Amino acid sequence: MKLADNKATLSFSNGTPSVDLPVYHGNVGPDVVDIRKLYAQTGMFTYDPGFLSTASCQSAITYIDGDKGELLYRGYPIEQLATNCDFMETCHLLLYGNLPDAAGKADFTKRVTQHTMVNEQMQFFLRGFRRDAHPMAIMTGLVGALSAFYHDSTDINNPEHREISAIRLIAKMPTLVAMAYKYSMGQPYMYPKNNLSYAGNFMHMMFATPCEEYVVNPVIERALDRIFVLHADHEQNASTSTVRLCGSSGTNPFAAIAAGVACLWGPAHGGANEACLNMLEDIQRMGGISKVGEFMNQVKDKNSSVKLMGFGHRVYKNYDPRAKLMQETCKEVLAALGLENDPLFKLAMALEKIALEDDYFVQRKLYPNVDFYSGIVQRAIGIPVSLFTAIFALARTVGWIAQLNEMIGDPEYKIGRPRQLFTGAVKRDVVPIGQR
Ligand code: SDX
């Protein structure tokens, strides 16, 4: 970051001496006012619950321009990556900062492929869950449990440990998600097959059985790979910030990623794809497109807690570029499967059209986000609704790791420890119980 010529001067109307705060430029995007010395100089904190105006770190990984609806991974527009690259190339880009050449891609893919199996003991963790346990409950447990198997690589300050942990987590997430699915189905787990692509291997572990050969559908394989690319990273979102804060204590990478899985589960975040599909099915059950107006009235009624799931975003005040690409992927997959008339897809497009013309949404700059169409395409592929967020976690693992490793690799990093504005009881003495 570069020190700007101008500075910020904070002055107080009560005569408290003003303070000068340095301003820094990034390479693109908003400048920052450096408040690191504010408390020492003024005895005051800043106040920003929800971090609406706070940069928690400097990063070179992902850049979002919310007004333009622009998303760049290491400078490359998501539209170009989603059409010209695959998930392995994207993982290499996010982790190391560059797109690999053919040899580099083959080497990276081989390293990932060689770590796709999990310890046989992992299957016994699943037995502790009910068969109808939510897959994200299982994933939160399994990812954290991985740290029990890799005592050789849990020192986050050791670059070699960070590297092998990154490879292991990227490689094993599909295996764990597929195991969670098979467990819910009461079917045997399928071992990874090293001759398949990353997405193809995931499909095989999900949908194959020991009873017959499984043939990967290349259209679905490509669609899944693109879904992984679109979900791979997204700046300092809630789950990435959770991973950074968790990792800042020096805990091992598996524990930090498990914290990210837990945070992503929420319906305001990664859980929105599941919530959006359930919302579409509810509207469909109520009567479909004819009931959209009634539903929208509930959404606009401040007293109802109803939200149009898959819409709105803290950063995007324009169309989420991932939503556009996901809608295209929807069309491709539905056409390939002969489901062009999928009622939920038609309902989603009708909802989008109505919302984008409605003043409530226009005024608040609410547009479809990545979660609005992702559920429809995953459902068409045969992925159960409850597994959608686990797929999101599978794809976002590379982004979480890249961001964690960037933080740990920054010599300036410290343990994250925010303060507060205290509004509770001031000091008072305990009264003995007999006198209370
Ligand atoms: C993801 O941060 C990331 O980058 C996340 C993510 C990633 O890749 O990591 O992009 C993934 O989490 C996408 C978001 C998925 N969540 C949803 O689709 C759930 C529905 N969306 C909302 O809950 C909401 O839009 C958030 C949580 C996404 C953003 O919330 P903000 O930024 O805190 O905005 P807000 O709640 O203050 O909303 C501003 C106004 C409010 O109305 P007023 O109080 O001004 O009258 O817009 C309204 C909100 O009520 N609003 C919505 C709405 N989203 C916001 N009203 C109806 N439906 C919605 N979806």
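Every residue, even glycine, has its Cβ placed from backbone N, Cα and C.
Just so you know, TrEMBL annotations never went through curation; they're auto-generated.
Annotation source TrEMBL lists active site at H313 (among others). In the three-state DSSP assignment, the secondary structure recorded for H313 (active site) is coil. Sequence-distant contacts of H313 (active site), defined as residues of its own chain at least six apart whose C-beta falls under 8 angstroms from its C-beta, comprise G66, D320, Y367, N369.
If you draw a 10 Å sphere around the CB of D371 (active site), it holds 29 other CB atoms from the protein chains shown. Under DSSP, D371 (active site) is assigned to a helix (H, G or I) in the three-state scheme. TrEMBL lists D371 (among others) with the feature active site.
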